[in-house]
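Taken from TrEMBL as is:
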DOMAIN    3-37  domain 'Small ribosomal subunit protein eS4 N-terminal'
DOMAIN    96-169  domain 'Small ribosomal subunit protein eS4 central region'
DOMAIN    212-255  domain 'Small ribosomal subunit protein eS4 C-terminal'
Amino acid sequence: MVRGPRKHLKRLAAPKSWLLDLKKGVFAPRPSTGPHHFSECIPLSLLLTDKLGYSRNNKETCHILKEKMVLINGRVRKDPRFPVGLFDVLSIPKANEHYRILYNVAGRFILYPISEEQAKFKLTTVRKTIIGKKNIPMVYTVDGGSFMFCDQDIIAGDTVKVDLKTGRIIEHVHLEVGHPALIKKGKNMGCVGTITHIEKKGQNEFVVKLKDLKDRVFATRRCNLVMIGKDGKTWIDLPEEKGVKLNVLEQSNLKYEGTIVSAEEQ
């Protein structure tokens with residue numbers, strides 16, 4: 001029996017990074033096929049309803065998108081199920097608002113407000129590089145992008161900075177000690193740290209050790225991180241916590257700090 005693509009998704013089966021309220025219904029919008037993998041993206045409609053609050057239901061979302069009010073990476077998107085992923089830029093010109101898609105330290109998608117200058121570029125990871133016809137160097141990225149006449153120093157695994165207006169690579173960075181990186185998978189998802197050590201395990205496997213702003217050391221596999229800057233400086237603006245994950249005691253002290261002070265005053 002021939003089976004077509006799945007077009008439905010239950011909230012229980014949705015990725016945890018979406019942070020859905022299970023009591024609001026049974027089903028959730030399933031992302032369309034696009035530049036990001038199912039587990040690494042979130043539908044555009046959820047950003048407008050749950051994250052920004054510009055619409056209350058799918059009907060209002062479709063009306064907003066049909067009026068060409070929402071841009072993703074500088075392009076108008078009308079599909080409410082369009083997949084939006086890490087480092088993508090969401091712009092609403094009429095409201096003069098720009099947001100970058102990031103992970104918080106709990107591994108959940110957030111929309112972080114950015115300036116108009118920051119909204120001019122995005123970061124992505126190189127999937128492979130080849131020499132095409134007529135000896136033209138080609139670079140392919142994990143979000144489906146392809147670029148010609150690029151710097152031949154770029155290799156697979158590098159992070160590239162893409163100008164959204166021209167569609168050109170303006171800067172790139174290798175995996176090296178001293179560069180900041182963000183964890184996109186695993187236990188420390190959403191954490192940001194500076195690379196302190198790179199250890200090779202096996203033929204093509206690398207274990208990378210990082211240190212955050214509170215000098216907490218953690219490690220992850222090479223495929224679980226993405227470079228976000230060079231020489232200790234980040235190319236993108238980060239949320240208030242700066243990618244630092246608090247332990248249980250620190251979270252408790254932060255949560256009940258006001259309660260303890262008020263109890264002592266009494």
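Backbone N, Cα and C define each Cβ position, glycine as well.
Here the structure is a predicted model, which means the values were calculated and not measured.
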DSSP-derived helix, strand and coil totals, residue by residue, for the domain 'Small ribosomal subunit protein eS4 central region' (96-169): 6 helix, 37 strand, 31 coil
Local confidence of the domain 'Small ribosomal subunit protein eS4 central region' (96-169) - pLDDT mean: 93
Positions whose Cβ lies under 8 angstroms from the domain 'Small ribosomal subunit protein eS4 N-terminal' (3-37), at least six residues beyond its ends: 43, 45-46, 50, 58, 79-86, 103, 107-109, 143-145
DSSP helix/strand/coil residue counts for the domain 'Small ribosomal subunit protein eS4 C-terminal' (212-255): 11 helix, 12 strand, 21 coil
